[in-house]
Amino acid sequence: MIPTTPMTPMTPLPLSVVDAEEITTLDDSTAPTTPDGSSSFSPNLRPQDDSSYRSVNSLSTAPFGAAAAAPAVRNVCCVGAGFVGGPTAAVIALHNPHICVTVVDRDEKRIRRWNSKHPPIYEPGLNDILRIARDGSRGCVFNDGPTNHGGSDAIRCETVSPDDRGGRCEGQKRASINSVAARLPNLVFTTDVAKCVSEADVVLIAVNTPTKRRGNGAGSATDMAAFEAVTALVAQHASPGAIIVEKSTVPCRTAQLVQDTLALYRPGVHFEVLSNPEFLAAGTAINDLLHADRILIGSNNTASGNRAAAALASVYASWIPAARIITTNLFSSELAKLVANSMLAQRISSINSIAAVCDATGADVDEVARAVGADPRIGSKFLKAGIGFGGSCLKKDVLSLAYLAETLVLPEVARYWLAVVEMNEFARNRLVSRVLQCLNNTLAGKKVTVLGFAFKKDTNDTRESPALDIIRALEKEGPEEIAVYDPLCTPTQMAEEIGHFAGPGVLRSNGGPVAVYADAYAACQGSDAVLITTEFDEFKNRPVEADGGAGNLEELPPNQNSALDAEDHLSRLNPIPLCDKDCPECQREHLNASTVSYYGTGNDDEHARKARLDWTRIYYHMKRPHWVLDGRGVLDIATMEHVGFRVESVGRRSRLTKSSSPGNHKCW
Ligand code: UDX
């Protein structure tokens, strides 16, 4: 049994009119321009191992699939302009200036934002890539290596036509001068699904596949409504021979359903279906794309299946070393994605279960994790104990795997994976219990501050954020105030989402206790307890230089991918598209800057880097006994206690609040 709703023909999604001009100008996209073939300046955007680049047709070393001649890809269409589709398409376009990449979505508002200076998602480095691929860029010449592009090293900035670049590169190599030719836009965002799909050699389906909310399998099965609707649409419009790629995370064997849908709409027309799941983490998506540890491509093990896989591999081969492109059969690829996320979730739940044991025994979970993770068979990453995993993927994919097991009549397997989600809920609940324990079991008349609203650091993504559950649970205890602050989520965004999730009545503006702040100090002022619910560096009490590599979250790829000379020393960038006078995002920014819709004196610039908190300043404005509950293990407890705070941290020793006797460790 397959855990998906059978696909049936669907009415196509409503389409809107599009400006065809936008697309027809793209065929002139330039070829790679820098001497190494990269279209960027920064080492961050360069292939990590040029020597292992492979040619399009060299799949013979792949474990699955024979060497196959890859048809040239000229046009890629990505259906779905969300967290996956937008960044993936942007990086494909950046590294393949000869390919026209279109991103289509029926949501006009979202597309309008992608075409403006207000992209609908924030990822470090994304804007810089959009500026090049979407807007095109001017040619320029610079001296002495791509990183020395500022100040006097910059020789000249001018419009270098694509035709000029060959001779100029040759001449300049001899003189140690590099040039980057002008580049035409090759990334387009539009709502014209039918047109773009019909023109594409490769169609990526990258739409949302959340957990089903109602009906059969509610709460665990994957909701395939959007995926099914888009598949039907693609089936109707794709040109014969187009390669249809599952980018969305889907239940195992979905490729068969895609094939069936294609056959239903276009009997007798041949399409190859591939599985090419994404492995992007929020906050590091661009780094994950630029330096992917693997690209997984599942295909039919037939001659045409292998050819299709080789064609898609050729798109990635522009920047990913050949050894990192893994080919498998279709269903292995689909399942591997679910298993990858489930195993990440499993590690977090494992260490969180141990954190509870640490709290009850006096062991320290970070010490245990370090000792255990030193074994290379186990590894050190994803062993940071805390209030558990959030985000749109981990829980959803564990549930999907458990549902798959159930439908395959493997109840033991299903139970095993469901325990991972149960342990995650246990981890969240423990923080709320601990707050109550510290505050004498009542929040009446008290102020509690929640630092961190996003589900993880360096993102403003709040899907499945532990903070939301914690705010809701705290609100039920009737506190005087719950103050919420996040370095990346704007007060406006937080108010909207809390209102949506817990009901508008909980917001202070409607008489409830939840107040959103743009300033951490104002949020902590007069607080009885400060909770850390997201591992933002801003909340740490260690100096920045003392951080290097400590803790597993720290070891994730750095977010230094402002890779394309964001300050534009060489004047390479074209002007950002101007917004209409009535642009709602501009108006919202203006409104946020000029009205007091939130508390505190900070600004509402969602992506401005904030300095680390001055905990001593917070101490002097909090209520006694200065409780801080560190749900993410970001604080150095001894230093905090030296200031005078009383600190509780998940699974970590506190000199003041715990004795060495196991009997005293039951509060969590
Ligand atoms: C995840 C996968 O990492 C990514 O490969 C996949 O494509 C999408 O799902 P994401 O959900 O963006 O990415 O974030 P991730 O970095 O995996 O963190 C998930 C959650 O686990 C966060 O809430 C984070 O705070 C938490 N976490 C992570 C821990 O509690 N401890 C850890 O050691 C690591």
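Glycine residues also receive a Cβ, built from the backbone N, Cα and C atoms like all the rest.
Heads up, TrEMBL stuff is auto-annotated, nobody curated it.
What TrEMBL lists as region 'Disordered' is 27-56.
Secondary structure at R463 (NAD(+) binding site), as computed by DSSP, is coil. Look at TrEMBL and you will find T209, T249, K396, R463 tagged as NAD(+) binding site.
Other Cβ atoms within 10 Å of the Cβ of G390 (substrate binding site), summed over all protein chains shown, number 25. Residues or ranges marked as substrate binding site by TrEMBL: K337, F382, L383, K384, A385, G386, G390, K456.
Within its own chain, C393 (active site, nucleophile) has T249, N341 as residues 6 or more apart in sequence whose C-beta sits under 8 angstroms from its own. What TrEMBL records for C393 is active site, nucleophile.
Per TrEMBL, domain 'UDP-glucose/GDP-mannose dehydrogenase C-terminal' is recorded for 449-555.
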Rounded to the nearest Å - Cα separation of F382 (substrate binding site) and K396 (NAD(+) binding site): 18
Those binding-site residues in T209, K337, A385, K396, R463 whose CB falls under 6 A of ligand 1, listed in sequence order: none
Secondary structure content of the domain 'UDP-glucose/GDP-mannose dehydrogenase C-terminal' (449-555), with strand meaning DSSP E or B: 42 helix, 18 strand, 47 coil
Nearest-integer angstrom distance between the alpha carbons (Cα) of R463 (NAD(+) binding site) and L383 (substrate binding site): 21
Cβ within 8 Å of the mean position of the Cβ atoms of T209, T249, K396, R463: remaining residues of the chain near NAD(+): N208, P210, T211, T222, S392, C393, D397
Between K396 (NAD(+) binding site) and K337 (substrate binding site): CA-CA distance (Å): 12
